[in-house]
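Trainee: Quick one: structure below, then a few questions.
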Amino acid sequence: PKPWQMLYLYTVLYVTAFGAAGIRPCVSSFGADQFDERSRDYKAHLDRFFNFFYLSVTTGAIIAFTMVVHIQMKYGWGSAFGSLAIGMGFSNVVFFIGTPLYRHRLPGGSPLTRVAQVLVAAFRKRNVPFSSSDLIGLYEVPGKGSAIKGSGKIEHTDDFRCLDKAALQVNEDGTDPSPWRLCTVTQVEEVKILLKLLPVSACTVMLSVVLTEFLTLSIQQAYTLNTHIGHLKLPVTCMPVFPGLSIFLILALYYYTFAPLSRHITGHPQGASQLQRVGLGLAVSILSVAWAGVFERYRRNYAIEHGYQALFLTPMPNLSAYWLLIQYCLIGIAEVFCIVGLLEFLYQEAPDAMRSVGSAYAAVAGGLGCFVATILNNIVKSTTGNEAEGHPSWLSQNINSGRFDYFYWLLAVLSVCNFSAFLFFAKRYKYR
């Protein structure tokens, strides 16, 4: 490719990423906004919405790994990308047709500006003591409503006391203070809530790391295995469809299997709280990478014993690729409980006028997982081998010479450490 062609490709890929960044945090929050908080069944409807929302996302992934792969293999990349553009255009038409039917929350202004105002005001008054003689009190607007459109008042809490200084009203503030010098209690509490949500979201980055590694490493494993189902040979690039299928089945059966069973055990109306579901998902992800390590050890030994060590792109006819389904199904279960629980948790716990920011935490955690996976791969490659001296790394291109099993177990150890951190933060967290 010519330099201008690569520049064009990278440009459109980043434009796509920019569009996804706008859609992902907003679409789940906007969908949840359609339900009336005063309804008796509000929480049950919200729980079902997030499950069906993720079900639709999974359906899209299944189509991507089957129909779009088929179009790409038969008609080329241009037709595959074109089909996606047509699908996205159709979805836009459907979305805008529904505009008159949607419930719209009043926009409360830029949430990032309000966060910046709190930080600046708190820094300016960092030397003002809480017992100052000039102190009038903690500033809040009179009446039932808050100064932020689309948000109710939030009661003062004692967490992050240093931020309270942004709401300290002193005589020199005057009657019409600048929001960069004096913020309301509600505005300060918004920032406190966002800070409290950070640790829980950060603990889901490790799940994204595992998902990212599975989508690449398991493909390399599948190239060495038999992907036939009877007389039908499944393309290796379709293997990631199986986590999507497991997610689809779990979400479809969720209200007939897990919810009633766990409701009897926990007594919780939805079967389990949001944080319990996130924790369950993280625990299952540990099992998925541990099993992946066990199977990879067996697969590698089998390849060496049967003379396939150098033939790392040659499928072994007597070892089925469908052993990978166990790790795929486990990571699918983990994703259902963790991601769906996290989306619902962030929506309900985020401040009223910052719910899209709360949902963005989940998207950011997913993106960070991809970066962390890349960094981890580079560290492992540089520390576990030296290709120049003939010592392959754990992630060697020749999978039969590398040690993917060691790498999977490393992921399992990191996941256990991450799960321990999650338990610490989840136990300390107090629901609003």
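Using N, Cα and C of the backbone, Cβ positions are placed for all residues, glycine too.
Reproduced below are the annotations present in TrEMBL:
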- 6-27: transmembrane segment (TRANSMEM)
- 48-71: transmembrane segment (TRANSMEM)
- 77-97: transmembrane segment (TRANSMEM)
- 197-219: transmembrane segment (TRANSMEM)
- 239-257: transmembrane segment (TRANSMEM)
- 278-295: transmembrane segment (TRANSMEM)
- 321-347: transmembrane segment (TRANSMEM)
- 359-380: transmembrane segment (TRANSMEM)
- 406-426: transmembrane segment (TRANSMEM)
Trainee: Would the transmembrane segment (48-71) count as touching the transmembrane segment (359-380), i.e. at least 3 C-beta pairs under 8 angstroms with sequence separation of 6+?
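Mentor: Contact criterion not met.
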Trainee: With Cβ-Cβ distances below 8 Å as the criterion, list the same-chain residues six or more beyond the ends of the transmembrane segment (6-27) that contact it, or say none.
Mentor: 53, 356-357, 359-360, 362-363
Trainee: Please tell me whether the transmembrane segment (197-219) and the transmembrane segment (48-71) touch - that is, whether there are at least 3 C-beta pairs under 8 Å between them, with each pair 6 or more apart in sequence.
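Mentor: No, since the transmembrane segment (197-219) and the transmembrane segment (48-71) share fewer than 3 Cβ pairs closer than 8 Å, they do not count as touching.
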Trainee: Out of 77-97, 239-257, 278-295, 321-347, which stretch touches the transmembrane segment (48-71) the most, going by CB pairs under 8 Å?
Mentor: 239-257
Trainee: Have the transmembrane segment (321-347) and the transmembrane segment (77-97) got at least three CB pairs under 8 Å, pairs 6 or more apart in sequence?
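Mentor: These two segments do not touch.
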